[in-house]
Number of protein chains: 2
Amino acid sequence: MKSRELAYRLLPGLKWLKGYTGQDALSDLIAGITVGLTVLPQGLAYATLAGLEPQYGLYSAFVGGIIYAFIGSCRQVTIGPTALLALMTSRHTGFGLNSGPAYAILLCLISGIVEMLMAVLRLGALVDLISLPVTVGFTSATAVIIGTSQIKGLLGLRGGSGSGFINTMKSVFLNLDKIRIGDFSLGVTAIIILLLLRKLKDLKLQNSNKFLKSFLWIVATGRNALVVLISSTIAYYTCQNKDACPLILTGKVKSGLPEFQLPQFKTTILNANGTETAQNYSAMLEELGPSMIILPIIAVLGNVAISKAFGGAGISPTRELVALSLSNICGSFFSSIPVTGSFSRSAVNHASGVRTPIGGFYTSALVLLALGLLTPYFQYIPKASLSAVIISAVIFMIEFEVIKPLWRCSRRELLPGAITFVVSLAVGVEIGLLLGVGADVAFLVYRVARPVLTVNKLSTTHGISYILIRPKHSSLYFPAIEWVRTGISKALETHGSAPVILDCSNVHDFDFTAGRGIGALNKELIRMNIPLFLLKASKEIIVILKESTNADIPTLEQPDDLETVLEQSPDYEPYLQVMVPLVANPNHGNADNEHDKKN
Amino acid sequence: MKSRELAYRLLPGLKWLKGYTGQDALSDLIAGITVGLTVLPQGLAYATLAGLEPQYGLYSAFVGGIIYAFIGSCRQVTIGPTALLALMTSRHTGFGLNSGPAYAILLCLISGIVEMLMAVLRLGALVDLISLPVTVGFTSATAVIIGTSQIKGLLGLRGGSGSGFINTMKSVFLNLDKIRIGDFSLGVTAIIILLLLRKLKDLKLQNSNKFLKSFLWIVATGRNALVVLISSTIAYYTCQNKDACPLILTGKVKSGLPEFQLPQFKTTILNANGTETAQNYSAMLEELGPSMIILPIIAVLGNVAISKAFGGAGISPTRELVALSLSNICGSFFSSIPVTGSFSRSAVNHASGVRTPIGGFYTSALVLLALGLLTPYFQYIPKASLSAVIISAVIFMIEFEVIKPLWRCSRRELLPGAITFVVSLAVGVEIGLLLGVGADVAFLVYRVARPVLTVNKLSTTHGISYILIRPKHSSLYFPAIEWVRTGISKALETHGSAPVILDCSNVHDFDFTAGRGIGALNKELIRMNIPLFLLKASKEIIVILKESTNADIPTLEQPDDLETVLEQSPDYEPYLQVMVPLVANPNHGNADNEHDKKN
């Protein structure tokens with residue numbers, strides 16, 4: 001019994017096997033194969049997007065499913081190569097010779113290790129810092145970058161995919177005369193078919209023919225595989241004579257399973273002047289630089305978003321993180337590029353009726369089968385059709401529809417989103433993301449530093465006037481204290497001299513700097529003969545005030561206590577004499593007040 | 001009348017002249033000269049600390065006083081060279097040839113420009129981000145660094161002052177056998193005398209002899225000048241024969257006023273291998289790097305702290321910033337190094353009874369006079385005595401006494417202070433300051449991201465149970481929403497199924513991401529047959545919720561409304577049926593509840 005509990009603890013996926021019925025197995029098999037038919041063309045395409053040979057996409061597509069089946073906590077999640085991570089990987093694969101795979105695989109290993117550190121140090125919460133507008137700006141920008149990077153393939157333009165949005169656009173416009181009609185026609189046709197097939201699912205049939213419905217659903221879900229299959233068949237028959245081929249093909253895809261080997265810690269790159277330069281471990285790490293942190297965070301963000309979307313409250317964030325980490329670490333031994341949960345394939349999985357993460361096993365099996373048997377046929381896949389697969393996938397990542405409601409209800413949030421989008425396009429997605437999060441964090445700090453102050457001139461029931469200042473924020477921390485001091489000075493200028501009551505009823509958090517600030521304020525007010533009181537100050541505030549300043553600032557439980565305090569202590573006599581008559585009846589002259597006093 | 005107002009607006013200092021009496025003039029004259037006697041030795045010493053020839057300290061000591069008299073808003077502030085800025089400048093003056101002054105003067109100009117930008121963009125508030133523990137850590141670390149950098153001068157060790165705390169300490173220990181007895185004796189004696197003279201002020205004389213009191217005060221206040229004067233006199237008589245001189249002297253100080261000229265935008269440095277390399281403008285800017293931002297912020301921080309300490313509420317932060325900016329910009333045309341308000345000299349100014357900033361004029365006049373007449377004598381100032389002046393000034397910048405109260409009342413604040421102190425010593429003061437502020441900001445964000453949640457299971461007056469969740473923070477922003485969702489899931493696990501009421505009465509601030517999060521939570525709860533209500537949600541929250549999510553989440557004004565809402569809508573019938581009997585009397589079985597219902 002105990003050993004079984006331990007096994008469940010270490011490999012929580014085992015619980016799926018408890019009561020695993022034939023019906024479950026069939027459902028998982030159907031879903032697994034459907035996802036496999038999606039990941040085959042996507043994997044080939046994303047590897048090309050990452051600047052690598054197509055087989056690396058398949059190498060990345062089978063480890064995640066197996067690992068996740070053992071550890072993952074959400075049945076729909078499928079882990080594998082994604083367009084976003086492929087794009088981020090592509091930054092480090094353009095140095096020639098065999099350095100591309102070396103960098104990509106090392107990045108995969110390091111991402112896994114960083115994700116494990118995030119799990120151990122409970123840093124998974126870092127993704128909470130990425131707000132919705134920043135997420136939208138980031139994914140939209142990457143979608144635009146990925147989309148434009150595929151325009152060349154779609155148009156049949158040869159040459160590297162170019163670095164960054166602006167360079168790619170420039171290169172496309174400079175080479176518009178070199179468009180190849182064959183690739184262009186195939187690519188555009190493929191995109192149109194893919195978008196139409198996607199719509200098939202939404203089609204509401206009048207006479208609900210069950211068989212027709214299932215058929216349409218299968219065609220819609222397997223549309224990527226279908227389009228690639230058809231275009232490859234065309235290419236197979238038209239391109240037997242290579243010189244007459246109207247299409248640019250994928251070319252030889254290495255057959256067989258990847259070798260099981262340690263990621264390479266050294267490589268050789270081709271310098272700009274054509275010389276070969278050896279890169280040791282530290283040179284490689286330097287090249288990867290901030291990607292080693294930002295890529296895992298993006299991977300975690302994607303994975304968390306998917307498991308939240310499909311799994312709801314039953315998800316264990318730590319288990320998800322460990323599953324993701326191990327998928328990358330183990331994957332790197334099978335030449336995988338960085339992987340994470342794929343939103344589109346998880347949706348396919350969900351729609352295919354997956355019942356347990358064991359479905360991932362079948363996907364992995366299909367990928368391995370393809371690596372063993374299908375690779376000779378992959379060389380006939382036209383590049384334009386892979387570009388079409390990518391473009392019609394990322395086009396739905398552009399989420400401009402969120403702008404309108406944001407404009408209507410919370411305009412200031414558009415700024416971090418816009419910063420992320422524009423900087424991602426103009427400079428790079430990592431910098432864009434960092435600046436977007438920076439703008440959001442700056443706003444949070446601004447809110448802490450500049451609490452709204454409500455200022456009122458009020459009177460006690462017996463007519464002693466006072467100025468009541470209430471910070472509308474739950475903390476009074478170091479960045480805010482000078483602001484509060486200035487606010488009190490201004491209030492005294494506007495309302496004239498009167499005892500100042502600082503209402504701390506909202507304030508839960510306080511610090512030493514704020515304590516010193518209040519102490520300095522108190523000194524200043526004493527110099528001006530104005531007493532300062534704290535209203536409803538918590539014990540914590542009083543302790544910090546006592547430690548940070550020598551002054552003894554009196555506290556009140558309610559504004560009306562002001563009177564009692566002023567009358568009880570001889571220290572306050574001058575205030576009573578000076579202020580009560582001046583302030584209690586502001587419409588009367590001094591003489592009248594004298595009169596009032598006599599009564 | 002109008003033109004006078006304009007003049008007052010542009011040069012607010014003119015107002016000091018209104019009703020400026022002979023008594024005022026005399027007070028300002030006395031204070032100005034006293035400050036001058038302090039700034040002369042300090043200026044020579046700080047220039048050496050900055051890695052420059054002594055005269056640059058004097059070049060930096062006269063422009064600020066004149067500018068500040070016209071624009072400044074606090075009579076005590078005196079602007080000029082300081083130990084802290086000299087230390088920060090010294091990072092850029094060690095490249096040989098004439099590059100030292102070129103870098104220092106360019107940094108002065110750029111600091112002025114950045115300060116002007118801070119004034120225009122209202123960024124002066126950035127200094128609010130530096131909390132007291134970070135300030136203490138920073139100034140203490142700089143004091144330690146400056147102090148150790150002077151140990152070599154004090155011991156008579158030759159050679160550069162070394163870069164950084166650790167290198168200096170190493171170099172001192174490696175050269176302990178080369179200590180020169182003459183310099184060492186003079187230096188230690190000078191420090192002892194300076195510290196004793198400083199104590200003189202605190203001396204309480206029994207018989208209050210007015211003349212003796214004044215004499216002691218003058219000696220105590222002018223102690224730096226006095227010690228330098230005496231040690232120079234000794235050196236003048238013992239060092240006529242240069243070879244027999246037991247002391248290392250300052251050496252020739254350039255006589256005369258500095259030329260009025262544009263700061264140099266190019267210079268030549270000596271490379272490590274001894275070749276001369278020309279540095280153009282952009283190479284110089286690259287070398288100055290982050291100093292161009294951090295030095296002005298430190299300068300502003302110092303100036304703000306002084307004007308707050310002496311001036312209280314009457315200070316205009318913008319005017320202070322403009323005065324500081326112009327002191328640096330104009331100063332750079334007179335070969336000044338970066339300047340800011342000096343705490344020690346402002347204290348001397350205050351103690352000397354200064355009445356208006358016009359006192360700065362007299363200080364400036366004295367400095368100019370010294371440049372014209374006294375420079376031939378400055379060459380006899382022993383370096384050890386200048387080191388003694390610096391050490392006995394910075395020793396009081398070490399503020400470890402703040403640790404104890406912090407430990408007692410708010411331990412977590414020790415961390416940013418300790419980070420600042422340790423990193424400043426080990427790596428550099430700029431990095432130390434940045435990391436300290438970063439730690440503080442991280443804490444602020446943490447507080448926003450992880451609000452305390454109070455969770456209670458309560459009942460309405462008619463016995464319907466509900467779970468009330470109240471975030472104890474005034475904002476519910478994107479970093480916190482997942483935390484709140486998890487909190488609610490946990491509460492449902494602990495307390496069992498019941499309607500969830502999210503109490504928003506504390507929440508003033510809300511954003512789109514949080515809205516989406518609440519929407520997702522609502523969907524999740526609907527799936528679990530649990531209704532969600534918002535209590536006392538502000539209008540802003542409701543608008544953002546409506547825009548960010550399609551769900552219509554009902555709001556309550558008070559928990560007892562729960563019942564009415566549940567009964568009024570047929571949607572809630574299942575909840576009433578399921579939950580009321582189960583929950584209202586948790587101690588009874590279902591049968592009993594049936595019974596209750598019948599009654």
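Heads up, the Cβ atoms here are built off N, Cα and C, so glycines get one too.
Just so you know, TrEMBL annotations never went through curation; they're auto-generated.
Taken from TrEMBL, the feature transmembrane segment applies to A:25-46 (among others).
Taken as a whole, the domain 'SLC26A/SulP transporter' (A:27-415) shows an average pLDDT of 84 in this prediction. According to TrEMBL, the domain 'SLC26A/SulP transporter' annotation covers A:27-415.
Per TrEMBL, transmembrane segment is recorded for A:66-88 (among others).
As annotated by TrEMBL, transmembrane segment applies to A:100-123 (among others).
Taken from TrEMBL, the feature transmembrane segment applies to A:129-148 (among others).
Taken from TrEMBL, the feature transmembrane segment applies to A:179-197 (among others).
Per TrEMBL, transmembrane segment is recorded for A:217-239 (among others). Tertiary neighbourhood of the transmembrane segment (A:217-239): same-chain residues 34, 37-38, 40-42, 186, 190, 193-194, 197-198, 200-201, 245-247, 249, 348, 351-352, 377-378, 380-382, 384-386, 388-389, 393, selected by CB-CB distance under 8 Å and a gap of 6+ residues from either end.
The transmembrane segment annotation in TrEMBL covers A:293-315 (among others).
Taken from TrEMBL, the feature transmembrane segment covers A:321-339 (among others).
Annotated transmembrane segment per TrEMBL: A:360-378 (among others), in sequence order.
Among the features that TrEMBL reports, transmembrane segment is placed at A:384-402 (among others).
Same-chain residues lying 6+ beyond the ends of the transmembrane segment (A:414-446) with a Cβ under 8 Å from its Cβ atoms: 87-88, 91, 129-131, 133-134, 136-138, 140-142, 144-145, 164-166, 290-291, 294, 298, 402-403, 406-407, 479. For A:414-446 (among others), the entry in TrEMBL reads transmembrane segment.
Residues or ranges marked as domain 'STAS' by TrEMBL: A:471-554.
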Exercise. Per DSSP, how many helix, strand and coil residues does the domain 'STAS' (A:471-554) have?
Worked result: 44 helix, 13 strand, 27 coil
Seminar exercise, completed: Checking A:25-46, A:100-123, A:179-197, A:360-378, A:384-402 against the transmembrane segment (A:66-88) for Cβ pairs under 8 Å, the most are found for A:25-46
Exercise. Taking A:25-46, A:100-123, A:129-148, A:321-339, A:384-402 as candidates, which has the most Cβ pairs under 8 Å with the transmembrane segment (A:179-197)?
Worked result: A:384-402
Seminar exercise, completed: Taking the transmembrane segment (A:384-402) as reference, the highest number of CB pairs under 8 angstroms among A:100-123, A:129-148, A:321-339, A:360-378 goes to A:129-148
Exercise. Would the transmembrane segment (A:321-339) count as touching the transmembrane segment (A:100-123), i.e. at least 3 C-beta pairs under 8 angstroms with sequence separation of 6+?
Worked result: yes
